[in-house]
Amino acid sequence: MGYQHNRSFNKATGAGFIIAMGIVYGDIGTSPLYTMESIVQGQGGLERISETSIIGALSLIIWTLTLITTVKYVWIALKADNNHEGGVFSLFTLVRKYAKWLIIPAMIGGAALLSDGALTPAVTVTSAIEGLRSIPAFHEAFGQQQLPIVIITLAILAILFLIQRFGTSIVGKVFGPVMFIWFSFLGITGLINLFGDFSVLQAINPYWAIHLLLSPENKAGIFVLGSVFLATTGAEALYSDLGHVGRGNIHVSWPFVKVCIILSYCGQAAWLLQNRGKSLGDINPFFAVLPQSLIIFSVVLATLAAIIASQALISGSFTLVSEAIRLKLLPRLKINYPGETFGQLYIPAVNLGLWLAASFIVVYFQSSAHMEAAYGLAITVTMLMTTILLTVYLAQHQKVKKVFVVLFFGAFIFIEGLFFAASAVKFLHGGYVVVILAALILFVMAIWHKSDQLFYKYLKSSNLNDYKEQMNKLRKDESYDLYHTNVVYLTAKMDKEWIDRSILYSILDKRPKKAEVYWFVKVNVTDEPYTSEYEVDMLGTDFIVCVNLYLGFHMRQEIPRYLRTIVTNLMESGRLPQQHQPYSIIPGRKVGDFRFILLEEKLINARQMPAFERFVLQTKEQIKKITASPARWFGLHFSEVTVETVPLVLSDVRNLEIHERISKENEVENLSK
């Protein structure tokens, strides 16, 4: 992960081709499992669907994959990489300097994409397991009962989410080959069934797509687009996974994937033309086109593909949340790094949330047909938000004519707007579940972003230069015991010599902390994903060190590891005196002990604040109670840490007036004096 050079990033290799199969195309590659089924049901079933509807629906699928996936994402969006990283948050970091309001589409798009992460595993695994009904022995035993399907699906999801904590590097090695077999299977079976009726190839003509939308034979009307959109739901994931495989591998592998997917849809359409008008009950064209001898193999392969698609989405959700945390759009959560692969991470809270949400969706909706009614709504929102951000990027970063930018924005806002309108009807048929989930995530993002702004608004700063003399006297004062050799404060606000006043309150007022060196460290998250740099300002002393760490939004914020390097560099350059330790298991140790002090600002005198600001800050305090501690987030769990609570000093809060009550005896006594 993390291509370091443009040459390797744009280069395509055989290994990269196979890896892309497993990482990038899982979601879009499992769409043939349920897209045609949803379209057939929307047209009244197999016995009522018309030839125009079949050809038109196939045409809509082909051109949706072409315009949205190929043109927008593969040709255009992949060029909008942030140091080889893609996705809605990476795109946001490229354009946020141009307008503050761009945070809004970024948050909406991110929240919608995360909510979709709960629905995709549920619908893909359920669709695959429902293929068991095509096996005679299974059908004879359970018939159309949905309970066995639900139980098997829940078991697979449980195993899938439970193994996340162990890392997926070993399993990931087989993802690519399995998905290559899956796409080959789609292409071959689709081609074989295509021989049954080559007339479906006329769907390549976009006339049939437009004709269906306007045709009275289309029983679903414009809402047929809600089912058609299922064919391209994985396009956004394709962009998000850019950093995992590189642009070159996606450019080379997508034509193969697209051909195989379209052949599968063509084969299903040909079978539908041959069997339309028949009363076969609720059937899934994907499994119906296969001979009985291949059913068991296809169910197993489809289940593996569904698991891989789910795994890719789960891993993508971990990455998305970690980016949002570092961009200060979500609270800090515990992040583990279970694998040896760079960038592989595991977030227990997100994993548990996705597992519970996916399991609830399976139990609540029962069948994939009902889940499909809710599927796609969130992704249309994410795609619209990506279009807005991408338009700003094209206007500012690319040497393209303004007319192209206008055409791009107009065309895709119109196309995706139609899909959104068609999918909006899903709200009443289950889409509200995803909308509620997305709204909750967006609420937390909005609270976190706004509270961060308010924090800087109310936090007071002081100039370190005004307190250097006091700090120097304190470190030499024999009446105080040495608190620690090095005292380190992590601060969210430091501009040159100006720092958070609460830190000086902690050093000088709360309990004078005598130390040889005072460290003030601020972590600055850069727009580049893999930055690892620092700046040091010692304010003309050898006992005050102001450190600005510049870390990319993909980098771990493990302060002690970076600090060890900085201390060594400062001592080797002579800027910091060596701290010889007489007692140590390390011979000749030159670095003393460290104590990290974390300050927790608590809101005081909240009644003096505007009601909305008070609500935001108080809500943040409640959310922080269930999130990861700063000590764990900054990699301090093996260090000596002190957590102090200090008041959030508000600039507009006045002291409360109070008058002394004087008794008559005291009043007479005072008068006599």
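Keep in mind that glycine also has a Cβ here, set from the backbone N, Cα and C atoms.
Here's what Swiss-Prot has on this protein:
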type	residues	note
TRANSMEM	14-34	transmembrane segment
TRANSMEM	58-78	transmembrane segment
TRANSMEM	147-167	transmembrane segment
TRANSMEM	175-195	transmembrane segment
TRANSMEM	196-216	transmembrane segment
TRANSMEM	220-240	transmembrane segment
TRANSMEM	252-272	transmembrane segment
TRANSMEM	294-314	transmembrane segment
TRANSMEM	345-365	transmembrane segment
TRANSMEM	374-394	transmembrane segment
TRANSMEM	403-423	transmembrane segment
TRANSMEM	427-447	transmembrane segment
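Among the stretches 175-195, 196-216, 220-240, the one making the largest number of Cβ pairs under 8 Å with the transmembrane segment (252-272) is 175-195. Tertiary proximity for the transmembrane segment (220-240) is limited to same-chain residues at least six positions away from its ends with a CB under 8 Å from its CB atoms, namely 24-29, 31-32, 34-35, 38-39, 42-43, 57, 60-61, 64-65, 68-69, 72-74, 77-78, 86-88, 113, 116, 120, 212-213, 250, 254, 261, 265, 309, 312-313, 316, 319-320, 372, 375-376, 379-380, 382-383, 386, 418-419, 421-423, 425-426. The transmembrane segment (345-365) makes contact with the transmembrane segment (147-167): 3 or more of their CB pairs lie within 8 A, with pairs spaced 6 or more apart in sequence. For the transmembrane segment (14-34), the list of distant contacts is 69, 120, 123-124, 127-128, 172, 174-180, 182-183, 186, 230-235, 237-238, 241, 244-246, 248-250, 252-253, 257, 261, 264-265, 268, 284, 286, 302, 305-306, 308-313, 368, 372: same-chain residues at least six beyond its ends, Cβ to Cβ under 8 Å. Taking every listed stretch (58-78, 147-167, 175-195, 403-423) in turn, the largest tally of C-beta pairs under 8 A with the transmembrane segment (294-314) is reached by 175-195.
By the count of Cβ pairs under 8 Å, the stretch nearest in packing to the transmembrane segment (403-423) among 58-78, 175-195, 196-216 is 58-78. Remote same-chain partners of the transmembrane segment (147-167), defined as residues 6 or more beyond its termini with a Cβ less than 8 Å from a stretch Cβ, comprise 121-122, 125-126, 129-130, 132-133, 303, 307, 310-311, 314, 336, 338-339, 341, 344, 346, 348, 351-352, 354-355, 358-359, 362-363, 366-367. Within the same chain, residues 52-60, 62-63, 222, 224-225, 266, 269-271, 273-274 sit at least 6 positions outside the transmembrane segment (196-216) and bring their C-beta atoms closer than 8 Å to a C-beta of that stretch.
Cβ atoms under 8 Å from those of the transmembrane segment (175-195) belong to residues 18-23, 25-26, 29, 32, 201, 256-257, 259-268, 270-271, 289-290, 294, 298, 301-302, 304-305, 308, 311-312 of the same chain, restricted to positions at least 6 beyond its ends.
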